[in-house]
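**Q** Below are the features listed in Swiss-Prot for this protein:
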| type | residues | note |
| --- | --- | --- |
| ACT_SITE | Y123 | active site |
| BINDING | D85, E116, H119 | Fe cation 1 binding site |
| BINDING | E116, E205, E239, H242 | Fe cation 2 binding site |
Amino acid sequence: MSYTIFSKKKNNQLKEPMFFGQPVNIARYDQQKYKIFEQLIEKQLSFFWRPEEIDLSRDRIDFQNLPDNEKHIFISNLKYQTLLDSIQGRSPNIAFLPIISIPELETWIETWSFSETIHSRSYTHIIRNIVNCPSLVFDDIISNKNIYDRAQNISIYYDELINLTSYWHLLGEGIHLINGKKIHINLRFLKKRLYLCLISVNVLEAIRFYVSFACSFAFAERELMEGNAKIIRLIARDEALHLTGTQHILNLLSNIKNNENMEDVVLECKEEAINIFISAAQQEKKWASYLFKSGSMLGLNKDILCQYIEYITNIRMHAIGFKMPFKKQSNPIPWINDWLTSDNIQIAPQETEISSYLVGQIDSEVSDNEFKKFEL
């Protein structure tokens, strides 16, 4: 199927599937097949923020006074988060936009990816405010085996979908000889790669950030690195929205009532999808061991983090219809919810930067019915 950025063929976008239908031509929002994506877009736009709004001058002093094992925890997490959001700042656009068929999903993907670039900029803002030579931190990201191994598990699903989609657009379905290698292209196989890629992205948003989040908030609970925690809190708020987006996409694909023609694919890929979740949980436990190899920090250690990983993995898998792989348990670090739920804490504006504000949340549309109860 040849791809075009503007299809001249008139179609009814309400009857198009989310993926692998006719490419989007007119970006219209007066009619929507799935209104949830418009709601996500509006919410993300209301969240807009810039890392430069947060003062990190105190964090530099705090960081210099941290023991070496806590400096290792702090910097290692920033490196890993930089890698994750470097991937997420570009990959959803490259992988999903060429195969999306409805405008509201197309715009949500673009809005989502843009917000990830703000996260990447945030890590640079944090790092250059606490160390004298940021290049030493960034240059180590690719060469650090503990980070590199996890990156491979994330990028492989994106890369495979992107490559196969390119072949499909250029050559169509069939068996093709490319550089001496036979490539089998068919729509059903593409749908499988799409579903597994979406699962991998869901896992990234659902699990992979939360070890780093927990460590950042644990520092702030001790009134250390508080500027960093404010930025991470804004990032966590965004990531929760992105997680909601991927969960909705996956649940819509698996619901037979939506006519997405993916039910069989979902069933066939279920075992591999579950393995992606479990594998990610094990990798995050390994990462926790790496972080705390030289000692724990006050309020958090490897064992507690591993319990938390199992706890959130159960919740995330249940949210998309999978069975919980680990023993059911309560949240081992309940205080983290105060940081992950942005409305829980009231702060006087003159005391600190507010990290829970929303932009453009006033509804300016007023109907005649609003005035019926008024009497002159």
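Each Cβ is built from the backbone N, Cα and C atoms, and glycine gets one as well.
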**Q** Roughly how many angstrom lie between the C-alpha atoms of Y123 (active site) and E239 (Fe cation 2 binding site)?
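**A** Roughly 15 Å, rounded to the nearest whole number.
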**Q** Count the other Cβ atoms sitting within 10 Å of the Cβ of H242 (Fe cation 2 binding site), across every protein chain shown.
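**A** Excluding its own Cβ, the number within 10 Å is 25.
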**Q** Let me know how many other Cβ atoms fall within 10 Å of the Cβ of E239 (Fe cation 2 binding site).
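**A** Here the count is 25.
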**Q** For E205 (Fe cation 2 binding site), what is the secondary structure by DSSP, using just helix, strand and coil?
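**A** Note: E205 (Fe cation 2 binding site) is helical by DSSP.
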**Q** Would you list the other residues of this chain near Fe cation 1 - those whose C-beta lies within 8 angstroms of the C-beta centroid of D85, E116, H119 - in sequence order?
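**A** Nearby residues not in the site list: Q81, L84, S86, Q88, G89, S115, T117, I118, S120, S122, I235, D238.
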**Q** If one looks at the chain holding E116 (Fe cation 1 binding site), which residues at least 6 apart in sequence have a CB under 8 angstroms from its CB?
**A** D85, Q88, G89, P92, D238, H242
**Q** With the Fe cation 2 site defined by E116, E205, E239, H242, which remaining residues of that chain have Cβ atoms positioned within 8 Å of the Cβ centroid?
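**A** The answer, listed by sequence position, is Q88, W112, S115, H119, L204, F209, D238, A240, L241, L243.
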**Q** Under 8 Å Cβ-Cβ from E205 (Fe cation 2 binding site), six or more apart in the same chain: what's there?
**A** E239, H242, L243, T246
**Q** Give me the long-range Cβ neighbours of H119 (Fe cation 1 binding site): same chain, 6+ apart, Cβ under 8 Å, in sequence order.
**A** Q81, D85, Q88, G89, I235, D238
**Q** Since the record lists D85, Y123 as recorded positions, which of them has the fewest other Cβ atoms within 10 Å of its Cβ?
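**A** Sparsest of the recorded positions D85, Y123 by Cβ contacts within 10 Å: D85.
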